[in-house]
Amino acid sequence: MLERRCRGPVAMGPAQPRLLSGPSQESPQTLEKEPQGLRSRGTAAAQSGGQALGRAHRCAHCRRHFPGWVALWLHARRCQARLPRPCPECGRRFRHAPFLALHCQVHAAATPDQGFACHLCGQSFRGWVALVLHLRAHSAAKRPIACPACERRFWRRKQLRAHSRRCHPPAPEARPFICGNCGRSFAQWDQLVTHKRVHVAEALEEAAAKALGPRPRGRPAVTAPRPGGDAVDRPFQCACCGKRFRHKPNLIAHRRVHTGERPHQCPECGKRFTNKPYLTSHRRIHTGEKPYPCTECGRRFRHKPNLLSHSKIHKRSEGSAQGGPQPPASAPERTPEPPPEPAPEPAEVPVGPGQPSAAAEAPPSLHTCADCGRGFRLERFLRAHQRQHGGERPFACAECGKHFGKKTHLVAHSRVHSGERPFACEECGRRFSQGSHLAAHRRDHAPERPFVCPDCGKAFRHKPYLAAHRRIHTGEKPYVCPECGKAFSQKSNLVSHRRIHTGERPYACPDCDRSFSQKSNLITHRKSHIRDGAFCCAICGQTFDDEGKLLAHQKKHDV
């Protein structure tokens, strides 16, 4: 649909895919006019008859589906390089000769200064974004989702729902669920349940006001003065549990614990939270963000309490190096030093008349592990940590029976069976089942290589790669075959070697019935099915008999 009108190669690269939205028909004309084999979300929805749109971006050449535009764009560059018929003008490649002939007609009628032209009306634009916006006027009738009440059509169902709420609200008889408190009606039962939480909060607020008694004019209600001099009053009390708060928004957020309301939802995995700070902290798992760095060793943490707990390890090690007295491991001593940074809101605890204020006491002591000295703020975190020392693994997988010491590890492992990959890379669209895998993958996009070998100076993006490389200098081979006693420096080499004893051949050729124990043998074998020069560089025309050689060659063109 987007054709760059020029005689010579396009400046951005002839094989560069151009992104475009809009449905089309399965004809040779429209198939080749779409940008570089990229199919839109609307096209997939219209042709699949309402199938799920999770992987609706489809390549027009190989029919593979992808979760996002970026992943499809990266795939299309490699997929198009395999097509056998290149355009002599711009280098774009096609699978069939009629498509190439149709494409060449565009160059025959083009002029160098017309830019991006609409193939329907001939109007030219300086940029492809302006052309995309213009094409929506032509493709209005192709939008797959139609409003049943008017003539408007939409690409996505959420656009239709927003339009229906704004322009076509349901009639009173179509809203059978009526609130008994205020008389407001709703079309769905879950909408009524969500609305009733407002009245529950109002009832709790009235009960709290009655429990606190009448307020003096001109000042908020306060409790009896507590010993401690500068203790701050907490006038807002929860009617259900009696917990007090200094500010009313904290009380409103606390009420959600009793009502069960969780209005803040994670857009990545759908998990819901009562407070927005909890959601912000949770989303760092998906993004891999660790905003709290340690000033001593550079290690980064997602949460500030974890950084404070980690910094105590450096303080203990400094005291040990200076010969200072160390507290016993079983009973840690409270230090009178103030916290590194004053918290904006101290811990909310029930305070009654005559009871000492928690703010006047020393900061809460950490629960310290007797084996390694690591401190934890909560006892349940300490118990989970101590399972690592004892070897206890109480959480078992229901699918394969594998045991884990932490429930979070079991949840992450269960994604192996379910196939769920909630962590997506923003650069290439690749998805991962664990946040740590995404964080390690992000280093592939970063140009820096922070892990340097002290022996030869070679740099690596990942620390395990450096550890495996250093075994070349040390000669260490820790992985021993139990069958023949042969040792290897890397575990992957041992796994590959053991297939000689087991006879396993997991790599099967898709073109014939042969299978191989090594992936390299399969790659070498597949060359016999591929004719010479099957992989052609779309920029300079050089041909290769292996896709890996083509990709390595394209790096010279900065593709």
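We count from 1, first residue shown onward.
Cβ coordinates are placed from backbone N, Cα and C, and glycine is handled just like the others.
Annotated compositional bias 'Pro residues' per Swiss-Prot: 337-347, in sequence order. According to Swiss-Prot, the feature phosphoserine maps to Ser27. The phosphothreonine annotation in Swiss-Prot covers Thr30. As annotated by Swiss-Prot, N6-acetyllysine applies to Lys33, Lys276, with the evidence given as similarity to another entry. The region 'Disordered' annotation in Swiss-Prot covers 1-47, 313-364. Residues or ranges marked as zinc finger by Swiss-Prot on the basis of sequence analysis: 85-107, 145-168, 177-199, 236-258, 292-314, 367-389, 395-417, 423-445, 451-473, 479-501, 507-529, 535-557 (among others).
The average pLDDT for the zinc finger (177-199) in the predicted structure is 79. The stretch with the most CB contacts under 8 Å to the zinc finger (479-501), chosen from 177-199, 292-314, 423-445, 451-473, is 451-473. Counting only same-chain residues 6+ beyond the ends of the zinc finger (423-445), those with a CB under 8 A from a CB of the stretch are 66-72, 74, 268, 285-286, 288, 412, 415-416, 461-462. Secondary structure by DSSP for the zinc finger (145-168): 11 helix, 4 strand, 9 coil. Under 8 Å, Cβ to Cβ, and six or more positions away along its own chain, Lys276 (N6-acetyllysine) finds His264. Within the chain carrying the zinc finger (395-417), a Cβ under 8 angstroms from the stretch's Cβ atoms is held by residues 384, 387-388, 433-434, all 6 or more beyond its ends. Here the zinc finger (177-199) has long-range neighbours at 170, 259, 261, meaning same-chain residues at least 6 beyond its ends whose C-beta is under 8 angstroms from one of its own.
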